[in-house]
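TrEMBL has this to say about the protein:
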{"type": "DOMAIN", "residues": "38-177", "note": "domain 'Lactate/malate dehydrogenase N-terminal'"}
{"type": "BINDING", "residues": "G44, V45, G46, N47, V48, G49, D69, N130, V153, S154, N155", "note": "NAD(+) binding site"}
{"type": "DOMAIN", "residues": "180-344", "note": "domain 'Lactate/malate dehydrogenase C-terminal'"}
{"type": "ACT_SITE", "residues": "H210", "note": "active site, proton acceptor"}
Amino acid sequence: MQMNGSSSSFGPGGLDLAQSFFKPIQNGAPPSTTKRHTKISVVGVGNVGMAIAQTILTQNLADELALVDAKPDMLRGEMLDLQHAAAFLPRTKISASADYSVTVGSDLCIVTAGARQKPGESRLNLLQRNVALLSDIIPPLAKHSPDSILLIVSNPVDLLTYVSWKLSGFPSNRVIGSGTNLDSSRFRFLIADHLNVNAQDVQAYIVGEHGDTSVALWSTISIGGVPVLSFLEKQQIAYEKQTLENIHKEVIDSAYEVINLKGYTSWAIGYSVANLARSLLRDQRKIHPVSVFAKGFYGIDGGDVFLSLPAHLGRGGVLGVTNIHLTDEEVEKLRKSAETILEVQNQLGF
């Protein structure tokens with residue numbers, strides 16, 4: 001059953017009120033067919049999916065938003081709740097359905113659906129259940145929107161981005177995972193908080209796995225264009241490596257802290273994914289640390305693997321990976337992060 005947005009037809013016989021209400025001007029031409037119509041689909045209307053949908057709407061990133069979920073009542077409720085805010089939002093057509101045909105013609109498909117871990121369940125078993133879930137999601141998305149970009153948010157995001165790439169048959173540049181885009185935002189916030197500056201003036205990346213083996217690229221961090229570690233060394237300001245490691249650990253633990261306090265994360269990932277949607281669909285050509293096909297970069301050659309690297313994003317998806325100079329230690333940690341992902345990936349046998 002498909003649940004659409006409001007209609008211009010009223011009363012018995014379906015009178016089209018719009019045609020009666022508005023009189024066309026003389027010597028006019030029909031609307032241009034070349035005007036770009038942007039459509040985004042979000043699969044999964046849980047806390048994360050709805051935070052993403054809400055942020056997309058408030059930031060006016062789409063002309064049409066399609067929601068998909070397996071729970072029809074909740075899905076309809078979320079659609080209506082968003083539609084009822086129409087007077088306060090930019091004009092966007094909102095539709096919802098458990099049928100993937102509602103996503104047809106999407107420019108960007110965002111996947112947030114995922115199984116929750118059962119008590120005592122192994123990480124591998126949870127991953128296998130999520131792979132089975134994606135097997136029912138990705139093929140119909142690819143069928144209805146063969147030219148779209150897939151943006152995977154479900155966790156473990158690096159492994160599920162790889163699975164989505166295999167299931168979709170899409171070229172690697174059009175399959176992206178949200179990766180460490182949010183981790184890097186948390187990293188920038190913590191550094192900015194330490195130095196009492198605006199986080200937007202901090203250039204800092206977390207790369208690798210979105211998880212425990214992520215890598216903080218300390219050698220590349222700059223504040224207002226000033227490389228931090230080089231500045232400290234030139235000014236002979238002593239710092240302890242453990243202090244840096246503690247900040248990185250705080251980044252890794254921050255999501256767990258939010259989950260322990262409120263039960264889930266939603267708003268930060270909503271803003272993070274909307275930020276990615278803007279860069280992709282508006283062809284912003286911005287650099288984001290997201291999960292991309294990483295084989296061939298920084299000596300990663302153990303197999304096909306997706307992990308986060310600073311990627312150049314635009315309307316075509318991943319336009320390239322930034323050639324950042326890493327220290328030998330950072331390269332080694334990044335390779336180990338890739339090996340960790342590949343080890344689990346090989347257990348999947350996918």
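From the backbone N, Cα and C atoms, a Cβ is placed for every residue, glycine too.
All annotation found in TrEMBL is predicted automatically rather than curated by experts.
TrEMBL feature annotations superimposed on the structure.
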residue	record	contacts (Cβ under 8 Å, 6+ apart)
G44	NAD(+) binding site	V68, D69, V111, T112, A113, G114, S154
G46	NAD(+) binding site	T112, A113
V48	NAD(+) binding site	T112, V153, Y264, T265, S266, I269, G270
N155	NAD(+) binding site	G114, H210
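Break the domain 'Lactate/malate dehydrogenase N-terminal' (38-177) down by DSSP state and the numbers are 68 helix, 26 strand, 46 coil.
All protein chains shown were included, and the count of other CB atoms within 10 Å of the CB of H210 (active site, proton acceptor) stands at 30. All chains included, 23 other C-beta atoms sit within 10 angstroms of the C-beta of D69 (NAD(+) binding site). Maximum intra-site Cα distance, NAD(+) binding residues G44, V45, G46, N47, V48, G49, D69, N130, V153, S154, N155: 17 Å.
Other C-beta atoms found within 10 angstroms of the C-beta of V153 (NAD(+) binding site) number 27, with every protein chain shown included.
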